[in-house]
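Here is what Swiss-Prot records for this protein:
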COMPBIAS  176-190  compositional bias 'Basic and acidic residues'
COMPBIAS  206-221  compositional bias 'Low complexity'
MOD_RES   118  phosphoserine
MOD_RES   164  phosphoserine
MOD_RES   190  phosphoserine
REGION    1-26  region 'Disordered'
REGION    47-72  region 'Disordered'
REGION    58-158  region 'Interaction with MEF2A'
REGION    145-238  region 'Disordered'
């Protein structure tokens, strides 16, 4: 071209950068409508997306209802299954319920640690049941009525006498007296009667009969009671 300046020669050794040739005017005229068409296409797509957003938002609320229906269907299937055919894979509903139970237990444990004195489970007060009245009514329905006994006993029905404590003491007193040890100084009942001694005679009164018969001085009470002394009888005869 007449207006172009001469470019210096590149004397560098190695890989040379590629130099794009300047675009020709014919190519520029062809690229302009393509760019315009592309711009219009992108603008149409953006408008379609904006118009589709309200429709998508209007269709979003039914999704939870569909999920609830699916959960109910899964629960029914689990209930209708036999125990032998139940699978070990837990469904999403079961997992959710397990997570809720675990969270409740963790919260209860935290409350116990924070407030140990307060009871974790509120107990309700139970009223006392009238078991005696119910038992009596049931027994009265099965058993025949018992005639009421009179308060005062009749004359032909004597009361049984019981042994009182003083009577027992009197009954056992003789046994205690028998068991006692007797006095050893007392004379036995089985022993023979004691011999009676004659009174001492005066010194001046000394008879030959008394000296000749020494046995006459000591006489047994049995001899004096039953009969005369044989020695005295012989002296009288002589």
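Every residue, even glycine, has its Cβ placed from backbone N, Cα and C.
Around residue 190 (phosphoserine), there are no C-beta neighbours below 8 angstroms that are at least 6 residues distant in the chain.
Annotation note: residue 190 (phosphoserine) sits in a coil segment as assigned by DSSP.
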